Amino acid sequence: AIFTEDQKDSSAELAFKYAVYRINKDRHILPRTTLVYDIQHVPRDDSFHASKKACQLVNFGVQAVFGPSDPLLGAHIHSICDALDIPHLEARLDLDADYKEFSINLHPAQPLLNSAFQDVMAFLNWTKVAIVYEEDYGLIKLRELVRAPGNRDVEVHLRQADPDSYRAVLKEIKSKDIHNMVVDTNPYHMHLFLRGILQLQMNDYKYHYLFTTFDIETFDLEDFKYNFVNMTAFRVVDAENVGVREILKDMERFQPVGHSILNKSLIIQAEPALMFDSVHVFAVGLQMLEQSHTLRLSNVSCEEELPWDGGLSLINYINSVEMRGLTGPIEFKEGRRIQFKLDLLKLKQHALVKVGEWSPGAGVNVTDRSAFFDPGTMNVTLVVITIPETPYVMHRAQGNLTGNARYEGFCIDLLKEIAAMVGFEYHIELVPDGKYGVYDLESGEWNGIVRQLMDKKADLAVGSMTINYARESVIDFTKPFMNLGISILFKVPTSQPTRLFSFMNPLAVDIWLYVLAAYVLVSITMFVVARFSPYEWHNPHPCDVDNHLVENQFSLANSFWFTIGTLMQQGSDLNPKATSTRIVGGIWWFFTLIIISSYTANLAAFLTVERMITPIENAEDLAGQTEISYGTLESGSTMTFFRDSMIETYKKMWRFMENKKPSVFVPTYEEGIQRVLEGNYAFLMESTMLDYIVQRDCNLTQIGGLLDSKGYGIATPMGSPWRDKISLAILELQERGEIQMLYDKWWKNPGDTCTRNEKGKESKANALGVDNIGGVFVVLLCGLAVAVIVAIFEFCYNSKRNTQAELRAIPVPHQSLCAEMTEELCFALKCRGSRQRPALKRQCSKCIPGTTYVPAGLELPPHPPSNGLHSQVT
């Protein structure tokens, strides 16, 4: 046997040695003959040294030469064997179609293999396929797939690739939407090709790979098992056959040099299996020859080129061998193998399984047609766990429902869309403890959904499951289907009670006091400055130039009147004349302009905007007080956020929540909402759930903004193949707007939302009621009442003063105070008649000569006085 140097102690060489060992041990085949092997190693691609080695071997007298597997070396070795009539047994792919007299090749003929590939492609109804080959002769090997008459309707793309260009070729194939491939790569580079498939995410149910290698069972396909990627190949060794299994078990125990013939337990590569069978074919042919006549050995030489006279008989007996070996039924025609059986393998979720057979003449026979499933009818059922949470997952109101029909909600609709896109069935179950999952620092264990996924009791977890670092370290998450943050749910604050004097709200109390002080100060300043300035004094009788009496219009009362008149924007009949008083007046006018303008501008907002009493505005306000309790959902991501946060405000809030008795943590959202409605409690929760609640209960509101930023995702066990497929589906749904439509459906359904009287920028101002400006009427009534009281006081005071003045003027009897007030009142109420006041009329009558003044109400004597004099009062 001749092997290349890289095959030294390889499985093929060990299989050759084991075959000779087994034949010598089993005397049923060659009872009187012992086989002795001579193995030589030659450099690969060095035909000169290979030829010299072959000539050295035949000089010692050989009956057959095995190998090598290299096509170039094999051709040179065969030329020597053919010249010397020495049987040459090979187990390699030979693309030379010419007849070789002294060659026996156990490798299935390539035209027959191409027929097998064509039958599979026809069964799968491929209409567009890419053929990826690596070696230069790969195009010649698979040319019949392109030229086949039955494939005229098949669009074939040929691409040559090597380890450096695998990814580029796959990327090109993916860009052309080609999902079916025939892969003819070097088995030693197969792991690189598979890695390229994973990197380009060409490992889902849409793609189908038909490998030409017989050794697909020896490759690591763990990353492809659960993605429903279609991988199909043939094998020549039926490991399920009882006889084959016995041989493989015995092979596994035969390890003379520490190397195993088998790649894995009970899995042998095609090359050592064909080598094993080639030795047995030689032994059977030799047995048949010995039964007819004795075989003579003779030394031959490459220099003399004298053929071996027994070689022709031996090669004819070998060519007529029909037997069953490791590689199935064996039969030759002109040195080429024409009878064999190929097992059709298909990758399923648990392993590679046999789904059919192919043999020359019979063609392909698929025994498990369901293995080549349609993506729309995948028979894969995943266990999905969840937690009932409005509006994500809810129980339907209708009774007598079973299975998945029992649930509805946002996540249920999303799961339906994803299942249809990815291709799986699902069964929904509720998590036993009703928790999402949090890490217990004391026990060191997870609970809730996380624990179920870690224990592989479920395949997916759907719900309001927050993606965070702690969970991501033990389970996997898809891309987030919803972004959110933590916010504060609080009861809507009560409206600020309307004050009767709300028109005073635009200015603070201290400003009103400052205005009052300024009013008094400016009035007094005006009075003092007017007294000092000579230009404010004037002659009340300008026609009387000799009158030395002067007066000042800015008395103390007039100064206050001037100031209040200008403050009220009404002015007065008093006008300053001096420069100093004008400066005081001008500055006061400027002051009143600013004050009145500011008041007017702010008055509209205070009268039309309803102001709320909000005890808290943000998280800092919560942390800075202890009267209002606050908490989170127990064993949730929000609780974990505060527990693990390094921000001082949140650490302070966590200490409060942890130590508060009774506990501020609630087992469900419903209980937290109820505590908020009862008052004096704030609930820290995810903003999306908060938005849903606020939309439906006008008594609740959101306080402040978001405390953090995170997302909801679908959880899977660590390393699950479903994660990437579901992530792609989520991204596609987001780009199509499907997720936003589902959000609007479950969050903003007009039939469920409450109506709020939002006062936005474009809303109309509310009409002002008595509660808003009723104080103005109160001030008006109070002012009128004060004016009436002052008028009465003035009336009484004036009547009394008139009475006292008359008493001092004449000693004669006079009117009483009541009589005086009666006359004045009658005068005030009289609409017609004399407009002369009673007191003035009496004074005038005293001044008329020849008249006698008689007070009203006094009885005159019947006769005048005896002295006859007329009383005159001046």
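The backbone N, Cα and C atoms fix where each Cβ goes, glycine too.
Just so you know, TrEMBL annotations never went through curation; they're auto-generated.
Feature annotation from TrEMBL assigns domain 'Ionotropic glutamate receptor C-terminal' to 381-749. Confidence annotation: the domain 'Ionotropic glutamate receptor C-terminal' (381-749) carries a mean pLDDT of 85 in the model.
Residues or ranges marked as domain 'Ionotropic glutamate receptor L-glutamate and glycine-binding' in TrEMBL: 391-455.
If you look up TrEMBL, you'll see T466, R471, S637, T638, E686 marked as L-glutamate binding site. Sequence-distant contacts of S637 (L-glutamate binding site), defined as residues of its own chain at least six apart whose C-beta falls under 8 angstroms from its C-beta, comprise Y436, V438, T466, N468, R471, K710.
Beyond the ends of the transmembrane segment (511-530), by six or more residues, the same chain brings 504, 536, 552-556, 559-560, 562-564, 567, 576, 578, 580-581, 584-585, 588, 591, 595 to within a C-beta distance below 8 angstroms of the stretch. Here TrEMBL flags 511-530 (among others) as transmembrane segment.
The transmembrane segment annotation in TrEMBL covers 587-609 (among others).
Sequence annotations record features per position, and here TrEMBL assigns site 'Crucial to convey clamshell closure to channel opening' to I616. Note on I616 (site 'Crucial to convey clamshell closure to channel opening'): other Cβ atoms within 10 Å of its Cβ, all shown chains, come to 20.
Its Cβ placed at the centre, R643 (site 'Interaction with the cone snail toxin Con-ikot-ikot') has 16 other Cβ atoms within 10 Å. The site 'Interaction with the cone snail toxin Con-ikot-ikot' annotation in TrEMBL covers R643.
The disulfide bond annotation in TrEMBL covers C698-C754.
Feature annotation from TrEMBL assigns transmembrane segment to 773-797 (among others).
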Maximum Cα-Cα separation in Å among residues T466, R471, S637, T638, E686, which the record lists as binding L-glutamate: 17
Spatial separation of I616 (site 'Crucial to convey clamshell closure to channel opening') from T638 (L-glutamate binding site) - C-alpha basis, Å: 20
Residue from I616, E686, C698, C754 whose C-alpha is spatially nearest that of R643 (site 'Interaction with the cone snail toxin Con-ikot-ikot'), among the recorded positions: E686
Rounded Cα separation (Å) that holds between C754 (disulfide bond) and E686 (L-glutamate binding site): 20
Cβ within 8 Å of the mean position of the Cβ atoms of T466, R471, S637, T638, E686: remaining residues of the chain near L-glutamate: Y436, S464, M465, I467, N468, G636, T640, F641, K710
Helix, strand and coil residues within the domain 'Ionotropic glutamate receptor L-glutamate and glycine-binding' (391-455) as assigned by DSSP: 24 helix, 13 strand, 28 coil
Integer Å distance between the CA atoms belonging to I616 (site 'Crucial to convey clamshell closure to channel opening') and C698 (disulfide bond): 18
Integer Cα-Cα distance in angstrom, E686 (L-glutamate binding site) to I616 (site 'Crucial to convey clamshell closure to channel opening'): 18
